[in-house]
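Asker: Quick one: the structure is below, and I'll ask about it shortly.
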Amino acid sequence: MKSELLTLLMEAAPNYISGQAICEKLNCSRTAVWKQIAQLKEEGYEIKAVRNKGYLLAHSSVPFSGHAVKAKLNCRILPYQIIFSSSLPSTQTKALRLATDGAEEGTVVIADQQTGGRGRLGRAWSTARGTGLAMSLLLKPDIPIHQAPQITLVAAVSIIKVLRKIGFDAKIKWPNDILIDNRKVCGILTEMQADPDRIQTIILGIGLNVNEQEFPEAIRNSAVSLSLINKEELSRTDIAAGLLNEFETDYQLFLQKSFSAFKSRWEEYSATLNRNVSVLHNNQMIYGQAVSISNEGVLKIVDESGKEHNIYSGDIEIH
């Protein structure tokens, strides 16, 4: 009920909504409304109550929370349940644990602070409190196991669409990085639990630099945040909800038509194709040009001798 009440308050702002209107829409008593309003105030929401006018939510007071994100969702298929924590070692680890305990598809884990997050190849990915977006989504797709890596590519397209809608010229570095001005702003981590012949669960992790103002020296020249680019603080609530809304649509299309439905859009957004790259493949360093991506998401590189290499996974460098 709290999320539904918050949605009504956010939709009504900057106008008041009467207690009677809330009761009718939520089919509850005024006492129940008052109790939920009190809880929202305790969580940091600034809500004015005026006799004969009702309740008014001050938009500037809306903190980053699961309730705030859920209030902005328009998802119709995935039954998104948001598990929000002020601090977690890793949203991926939490989501994997929830999956083991039988959590539903569409369960989302979000943390305001992430102290021990991880990216691909065991790299660290931390999120300071009040700055970035650390989010993991639990999926249970009925697809062949070999198609699982394609979800990373689909998620990358979803992220690019959201970032471009708010004015950022973001691009995809195959397979899982989002770049702006050749610096990393977002990473995607897809982890799978599977039987020999079927997928049990896929955990899709997204780490997005939103309002960070500085980075550790080791990555200072290779990382960037949205705020550092446009010199403004952005709403993590709006971005998180936007990503979930966009991905839900793309995920359903992927289940029907696989990555081939996204191939042309991925190519349009690519920072990798037609660039000179290097990658460690079969214990050999390959230098060449990234020339294409297949309907299965496989990257084709033509090396300096003209030999073609199909890269199914790896960590590429763009030169």
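Backbone N, Cα and C define each Cβ position, glycine as well.
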Asker: In TrEMBL, which of 19-38, 139-158, 239-258 is labelled DNA-binding region?
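Answerer: That would be 19-38, the stretch labelled DNA-binding region in TrEMBL.
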Asker: Can you tell me which parts of the same chain pack against the DNA-binding region (19-38), counting only residues 6+ beyond its ends and a CB-CB cutoff under 8 A?
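Answerer: Sequence-distant neighbours of the DNA-binding region (19-38): 1-2, 4-5, 8, 47, 49, 54-55.
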Asker: I'd like the number of other C-beta atoms within 10 A of the C-beta of Q114 (biotin binding site), please.
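Answerer: Result for Q114 (biotin binding site): 28 other Cβ atoms within 10 Å.
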Asker: Suppose we draw a 10 Å sphere around the Cβ of K184 (biotin binding site). How many other Cβ atoms does it contain, all chains included?
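Answerer: Result for K184 (biotin binding site): 18 neighbouring Cβ atoms inside 10 Å.
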Asker: Report, as a single number, how many Cβ atoms besides its own are within 10 Å of the Cβ of R118 (biotin binding site).
Answerer: 20
Asker: Using DSSP, what is the helix/strand/coil residue split across the DNA-binding region (19-38)?
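Answerer: Computed counts for the DNA-binding region (19-38) are 17 helix, 0 strand, 3 coil.
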